Amino acid sequence: MDATALERDAVQFARLAVQRDHEGRYSEAVFYYKEAAQALIYAEMAGSSLENIQEKITEYLERVQALHSAVQSKSADPLKSKHQLDLERAHFLVTQAFDEDEKENVEDAIELYTEAVDLCLKTSYETADKVLQNKLKQLARQALDRAEALSEPLTKPVGKISSTSVKPKPPPVRAHFPLGANPFLERPQSFISPQSCDAQGQRYTAEEIEVLRTTSKINGIEYVPFMNVDLRERFAYPMPFCDRWGKLPLSPKQKTTFSKWVRPEDLTNNPTMIYTVSSFSIKQTIVSDCSFVASLAISAAYERRFNKKLITGIIYPQNKDGEPEYNPCGKYMVKLHLNGVPRKVIIDDQLPVDHKGELLCSYSNNKSELWVSLIEKAYMKVMGGYDFPGSNSNIDLHALTGWIPERIAMHSDSQTFSKDNSFRMLYQRFHKGDVLITASTGMMTEAEGEKWGLVPTHAYAVLDIREFKGLRFIQLKNPWSHLRWKGRYSENDVKNWTPELQKYLNFDPRTAQKIDNGIFWISWDDLCQYYDVIYLSWNPGLFKESTCIHSTWDAKQGPVKDAYSLANNPQYKLEVQCPQGGAAVWVLLSRHITDKDDFANNREFITMVVYKTDGKKVYYPADPPPYIDGIRINSPHYLTKIKLTTPGTHTFTLVVSQYEKQNTIHYTVRVYSACSFTFSKIPSPYTLSKRINGKWSGQSAGGCGNFQETHKNNPIYQFHIEKTGPLLIELRGPRQYSVGFEVVTVSTLGDPGPHGFLRKSSGDYRCGFCYLELENIPSGIFNIIPSTFLPKQEGPFFLDFNSIIPIKITQLQ
């Protein structure tokens, strides 16, 4: 953080606050006093040497409290008339026309100028306001003059047109490759662009294109990948824009108080996109999206602290400086990371209000500021409406930023948690700007929640992490902007707050008692005790290289459970060149979600399992034992961290796994690495396959070779292979039985050489599945005897033969 820049912010906000205060514009004054206080808090964190900084913070916050009653009593300024709004839309049309004009998009510019002229003339005839008429006519003349000047070259004979006078308008072709949305702050140039994110940095395969096309339709609406052509999206119209998909479905709580849909100009006479990005200003209402609002809050805090466009960069239209701007025509575009790529979400600016005219969606405490409500609306549209089933910050932050999600469970039997190591890691990474953090509570009784001031299963934004003389603290924000922690170090704790600690944490309990803004300090020990999960989102810019593969796992491929066989699981080869000093490689598995019910009742438990098998296919889950085993969770994102300490080449097999495979899933595997690597799907070397359906029944259920009297009664198949080549044989039987098979050479054509054998088996008998892979089986005739371990174990089985050479198979017995 830059202390000097934050001091400048504080001075600017304080000046604006005092100015608005004197003008009687109390709502705006409250907003700027809060921002000035927040800027000073961050400045002190960054090492500011300003004198009396704590006194100034207290002064601003006390003035906020004093102004609250004035805000309630003061009547709002009159709203703009329809004709004034038409003038604003005409100005915006001309502004957009100027932009197209500068880019030499002549036809688009002429169209926008012409529409501005028509709107100005129409409105000037409708209004009796002479001043407004003059403004409209002047704007119409300017637009008309420029439109005529641009039209002249288009009307000249073809032979007289200069080769440089008018550029042909390129066709609006959408390529298959999404715009490199750059969620990676300060990404090194060597980073492999998402435009070409298969294993070798080539273009998408046909399968990947089909995956991205299929998962573009979310809750019945198509959200196409965000591409370069979308930067030319049209935002200016003579009439207010209306989303062709209609109004968003409301939640049950919204419906009880809903009155109507309004546009920003119906709420304020001075709507703007962003006054300043601030976590203090965000307020959640009755939509059940606490994790999303918490995600917005920490993204805003990050943008403020590190001056990186983490959240404001995703809203369009934008001005020439890349700043999002208010559009009086009511159309906006938000770029969200969904189902493998950044995607384009179009919304209008209609928002729900109650009978008092209060917004029923999240909003900024500065009522003229729109960014909070509009980003929330875009996300709610994708999620199927304001009747949002709820989420977690891993999902929401990934959608907003594209950063890498990680989940730390503090009370899990399957995941170890170290309080000391975790705090040290969070403290260091948070202050470096490497990570965004939220914390969520688990289930608790109403009495427990009331006692501690906590909301069950609720997400809180982490705004700060501090350590003071062995004491460790986390600053949290409740997205509701009220209701705070009531335990140790709350504003009402008279025992633990010392003057020294108050100064270090910039916290005055007496001032905090006057204003409940939902922001509080909690000790690390108490957070670990009363909260359930910490959600992290890591800056991908920490890794200089990355690539991804989009794919599909068909529900028909393999058994429902992969507890005994991984033969049908998607598998990938990862080869890493580890330098001296070691390196980190992270692998993110993301399941694509296209339906609100799937999102609300996620029953797909996915994970990634890592094996050290030199990139060869793995068939048995525990043989060899996993290098890194996965925990199957019903979250769409699963992060695997591989830490390398030894220099050289390391080769892994990555296996996608599910607890119970019920449905076909589409997914993305994305690899992030601090060093060079290659990543590819493990291909099958076999081009031919045959399946034999058999069964053990009655006498033919003879058991293994230990039972000599009955083993000879097992089914026997004979296969004939004409040329030497690789062969894979797989046996699948009832999971409750241990199965195996034996291959016996009957005869070979010529000298079999080193590949010849008398007998080979599938090894130890295993539950439900076994296999034998021969790199080179000599040409000849062979018998295969499948069996269960014990006699009299009846049931069906499948024998699968996979090869590159035709095989003839007959049943002998």
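Cβ coordinates come from backbone N, Cα and C, glycine included.
Worth saying up front: this structure is predicted, and the values here are computed from it rather than measured.
Per Swiss-Prot, active site is recorded for Cys290, His458, Asn478. Taken from Swiss-Prot, the feature domain 'Calpain catalytic' covers 232-540. The N-acetylmethionine annotation in Swiss-Prot covers Met1, and the record cites a large-scale study or a structure entry as its basis. Look at Swiss-Prot and you will find Thr95 tagged as phosphothreonine. Positions annotated as region 'Domain III' by Swiss-Prot: 541-701. What Swiss-Prot lists as region 'Domain N' is 702-813.
Shown on the structure are the features that Swiss-Prot records.
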residue	record	Cβ neighbours (10 Å)
Thr95	phosphothreonine	16
His458	active site	22
Asn478	active site	26
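Annotated pair Asn478 (active site) and His458 (active site), C-alpha to C-alpha distance, rounded: 9 Å. In this structure the alpha carbons, written CA, of His458 (active site) and Thr95 (phosphothreonine) are 43 Å apart. The DSSP breakdown of the region 'Domain N' (702-813) into helical (H, G, I), extended (E, B) and coil residues amounts to 7 helix, 61 strand, 44 coil. When secondary structure is read from DSSP and collapsed to three states, Asn478 (active site) falls in the coil class.
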